[in-house]
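Remarks on the structure that follows.
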């Protein structure tokens, strides 16, 4: 930005480095241009960028309409007061420009208008959340949190300007009073959004509802709502009656209905494509045997019909189960991806801040507030990473449990529909093994799926920091990793081969055990136990070498 454009948009410069190198006892203050552009615009930009996320939450929410309560009325009244405050600032700026013949910079018109539009959007969004039954919104809470954090430097600057006798005469009283009203109201609004809105209705079941449904956004991030169960488990062993009701979207009935609807549509489309493919092959075979050799069209010199048989590669593929599972749990996966990105970034914030803190201790002329800022930054980075990482595992384990429940229900329904001929190929033990063990592996592997992109991302960040610290020596670590990749690939192939062999032996053992149990009367009658026992132990003896890493 040139100096000419700065003089039109802002009175002072955007960034003043000299203020932060001052060794005076007081805290530094940002320039007015920086306060009214970057700090004032960041909360507004955050809200409008994440407004599509809030819109999706409103679309998929099916909760009852929340009643007007005292807490909700307080939130609405505080928002209206802030809207009036911004209207006053805009009117005052216009009055100074026209009545006093004073040229105001553009930023004095821009930032209050932007805040005014954002406040109106926040008020509308809160009312829509009430209509859709959303008791606490993370987007709204984080927006108010940013208003408080980003407004603190300007609040400190106004307090410092109004309390020092040397600057009191230059004080713009109207803007001073307007901001002294604005910032405390933002604090009160943030405190009000720390609590969720009550519903005014109770569950139709006798079991207690999950506290997670009534927990606020801040409560959910800290998992404070689970303290009730922990306290109860400390007093006595937990029983089934002590458990909370599942959230409606986590029940097997709701998830199975969504799966059946999506899978039936996919199978219907697959059968339609399969019929089209079969009809095309039948038409080609008919044309090859019955079509005349000469064509009546003058433009052709060969056969009358130019029909190519569809190849096997054009055969429609069956619908993907994994893709349908992702579509059912896509919001859990996307939410987990978002928090995982920030968790990986904050993982490398502590080394950077620690390096700055060490440099601060080596510089005797560094201001005291820099050391405090670095220490607070290290603490906040660690806490935020812990919050993001815990929420990542919560989202992914939640998706894993949903996938496990869907697949278990689907396999169980399939067993009820098996014909007699198909039932002979699968024993009861194999079916139970499929539902109890194999399906559980989907639940166990789901939290690790994100490592396919997270691990390369962390490696790139680590190598970038190493390059900035040690230079070209960082490539020695890269070379070692590249050399280890073939070894890891070979080991993974061998382990996978052993796992397949192990599962085959397990299926054979379960099948034989099921046959023995079905014919236990005959075994006892003819005293065949000595002959059956070696066959059972033979599978165990063949599995031990696989566990020991040998064939």
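Glycine is no exception: its Cβ is also placed from the backbone N, Cα and C atoms.
Remember, predicted model here, so these are calculated numbers, not experimental data.
The transmembrane segment annotation in TrEMBL covers 34-56, 77-94, 106-125, 137-156, 176-195, 451-467, 473-495. Taken from TrEMBL, the feature domain 'ABC transmembrane type-1' applies to 343-531.
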Sequence-remote contacts (6 or more beyond its ends) of the transmembrane segment (176-195), Cβ cut-off under 8 Å?
71, 74-75, 78-79, 81-82, 85-86, 88-89, 92, 136, 140-141, 144-145, 147-148, 151-152, 154-155, 158, 161-162, 216-218
Stretch with greatest number of CB pairs under 8 Å, the transmembrane segment (137-156) reference, 34-56, 77-94, 106-125 candidates:
34-56
What residues elsewhere in the chain lie close to the transmembrane segment (34-56), defined as a C-beta under 8 angstroms and at least 6 residues from its ends?
10, 14-15, 107-108, 110-111, 114-115, 117-118, 121-122, 125, 137, 139-140, 142-144, 146-147, 150-151, 153-154, 157, 331
